[in-house]
Amino acid sequence: MGETKELKKKLTPARDCTTCEATAQMIDKARRDGVELVFDRAASMKPCPIGADSACCKHCSMGPCRLNAKDPYGKVGVCGATIDTIQARNFARMVASGAAAHTDHGMSILHLFGEVVKGHNKDYQIKDIQKLLQVAETLEIETDGREYNDIGLDIYEELMKTYTLVEGEFPFAKAVPEKTLETWRKQGIVPRGAMREIMEIMHRTHMGVDQDYENIVNQCSRTALSDGWGGSMVATEISDIMFGTPRPVMAEVNMGVLKEDHVNIIVHGHEPNLFESIMVSTSDATMVEAAKAAGAKGINLVGMCCSGAEMMSRHGVPHAGNFMSTEAVLVTGAVDAMAVDVQCIKQGLGKVADCYGTELFTTNPRCHIEGVKHIEFDEDNPMACTDEVVIKAISRFKSRKGDIQIPKNKNIGIHGFSKEYIGYMLGGTFRESYVPLNENIINGRIRGVAGVVGCTQPRTKQDYMHVELVKELIKNDVLVLQTGCSQIALAKAGLLIPEAAHLAGDGLAEVCETVGMPPILGLGSCVDNSRILTAASEMVRTGGLGHSIADLPAAGAAPEWMSEKAISIGHYFVASGVYTVFGTTFPITEGTKFHKHLFEELEEMGMGKWGFSNDPIEMAHMMIAHIDKKRKQLGIDKARERVLMDMADRQKLDVA
Ligand code: BF8
Ligand code: SF4
């Protein structure tokens with residue numbers, strides 16, 4: 001009780017923690033129940049100011065060494081390491097960890113695919129033949145007259161090099177626009193296998209190895225690219241082949257998707273195979289009968305975070321919320337079981353689940369949590385795990401205690417866009433084409449394209465930056481592509497619908513109304529950021545917008561980022577040629593050479609660059625200014641001035 005009082009003193013009011021009303025209600029309820037959530041832990045844990053500036057090093061036991069961010073060159077570490085070396089090494093290790101997460105995920109999916117095409121695993125199949133052939137074509141694998149499994153086996157063997165290649169260029173180099181690839185070759189950053197790149201980064205950041213920040217950043221770029229164009233792209237493409245390429249689908253988002261009279265099961269994590277299998281278990285007639293026998297009307301399967309976003313995109317599975325809501329959703333008391341796999345799984349879930357009687361299970365050998373029951377998910381016998389989760393959920397439903405309070409909030413949106421679907425939608429049903437998209441950018445109806453992605457976190461009001469940033473971008477005719485927790489934030493704000501076009505500028509609104517698409521397109525999970533890369537490549541290949549990704553009137557943002565994966569994603573966008581702006585905090589000391597290198601010099605080397613702002617409107621205008629700079633360089637800035645006044649053009653589009 002004393003502890004609860006102590007907690008109350010420092011508590012941030014719920015509606016200052018989040019703009020998500022459902023989450024705010026659950027914060028209030030948790031406080032009434034005396035249960036601590038991530039928001040409260042953040043209030044009582046001030047970020048370490050030295051760490052926040054990345055001015056400390058603990059890479060050896062002569063330290064830890066702390067430099068002074070206010071006088072960055074006043075001191076060096078015991079070994080003589082400068083602030084630039086220390087920051088670059090810290091940054092590099094974030095890239096390595098983030099890239100490791102995505103590439104390990106991709107490698108698992110690829111391994112499963114290998115087992116399927118070799119006929120060893122019958123629980124999963126090739127579902128999307130068109131995607132299989134398309135990936136084969138990209139990799140220059142012969143398809144004519146061949147069995148699909150044989151083509152699949154070649155794809156498997158070729159793509160395994162994404163991870164294992166010791167020397168040479170990784171397989172999806174073939175998907176990169178030529179001029180972008182040329183820049184990478186010039187800088188020596190075309191990735192080999194991700195395992196090699198991550199190993200090298202860990203070596204180079206060991207005490208007494210690479211002590212030139214520019215050289216370290218080069219290896220950051222190479223490693224990050226092995227994630228975006230490597231591990232993540234493999235995860236997306238192979239998941240599409242096995243589970244189907246997403247097409248637009250209506251889905252409900254927010255805690256209102258929970259049903260008091262159903263057995264509610266949440267899957268939270270990142271790997272689609274667990275989720276795909278649990279879908280089979282929950283729709284099994286025996287399980288549904290068992291749920292009914294326990295007094296429920298049925299089983300309600302719901303996603304959270306990234307695998308949730310992926311399932312929502314592929315199958316329209318309802319989604320209960322993003323990273324900042326994973327503990328809060330348990331406070332409803334309505335979640336009978338939550339199964340987690342890997343990444344962004346807060347250890348704090350264990351305590352909250354205990355307080356509300358939710359059955360919490362870890363399922364992946366890589367992610368156990370002390371005190372939480374582990375039911376291992378084995379792809380060779382997937383139902384053993386997923387059936388058990390469902391059975392446990394049903395018995396928890398039967399013995400539910402305590403009050404249940406489900407916020408009513410839910411929004412319907414359209415999800416499930418993909419690089420392919422954007423082409424079909426704009427270019428015609430039978431053959432994808434990016435010509436209309438490029439034309440609308442050239443004529444200025446669409447000013448440019450922005451990727452707005454990434455996490456939510458308690459150091460900033462949940463969802464606020466995402467929603468305000470995206471609204472400002474579409475208002476200024478910038479088409480927005482989204483993934484991950486950011487997509488969920490906008491979905492909860494009710495903006496992933498074609499009617500959101502009324503918030504867009506005239507030009508973008510015209511295009512959206514003509515095609516019937518929302519001005520904000522949700523592409524799925526964080527590994528699906530690779531869809532933004534393939535869409536950008538298609539824009540370059542289609543022509544009229546320059547020759548490399550760096551030429552495109554495009555920008556990226558992760559305004560509420562928190563994870564090392566976000567740093568890897570940000571850096572692969574930068575290395576690919578995209579101006580990428582982060583918010584909330586950035587692990588760097590301003591006024592250092594390292595800062596200048598990331599925020600200015602990389603662009604001069606033909607890549608993109610980093611940016612930072614804590615204000616969503618300012619962030620939007622930094623991105624828009626960059627888009628306008630690119631339009632000017634492409635000589636299409638005049639077209640934009642004309643479109644704003646040209647009614648004849650508008651009528652032409654209406655009759656088209
Ligand atoms: O990979 S956006 S909080 S859930 S890290 Fe995590 Fe960030 Fe969400 Fe998915 Ni991505
Ligand atoms: Fe200090 Fe250098 Fe050791 Fe880092 S590597 S802890 S800067 S002595």
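Each Cβ is built from the backbone N, Cα and C atoms, and glycine gets one as well.
Cross-referencing C367, C385, C455, C512 against the [Ni-4Fe-4S] cluster binding annotation in TrEMBL, which names H270, C306, C344, C485, C526, picks out C455. TrEMBL names C57, C60, C65 as [4Fe-4S] cluster 2 ligands; from the candidate set C20, C79, the record adds C79 to that same site.
Of C48, C56, C57, C65, C79, all annotated as binding-site residues, the residue with the shortest Cα distance to C455 ([Ni-4Fe-4S] cluster binding site) is C48. Sequence-distant contacts (6 or more apart, same chain, Cβ under 8 Å) of C60 ([4Fe-4S] cluster 2 binding site) comprise C79, M207, G208. With the fewest other Cβ atoms inside 10 Å of its Cβ, the least crowded of the binding-site residues C48, C306, C455, C485, C526 in this structure is C48. If you measure from the Cα atom of C65 ([4Fe-4S] cluster 2 binding site) to that of C306 ([Ni-4Fe-4S] cluster binding site), you get 37 Å. For C344 ([Ni-4Fe-4S] cluster binding site), the nearest of the binding-site residues C48, C56, C57 in terms of C-alpha separation is C48. There are 22 other CB atoms within 10 A of the CB of C344 ([Ni-4Fe-4S] cluster binding site), with all protein chains counted. When the binding-site residues C48, H270, C306, C485, C526 are compared by Cα distance to C57 ([4Fe-4S] cluster 2 binding site), the shortest distance belongs to C48.
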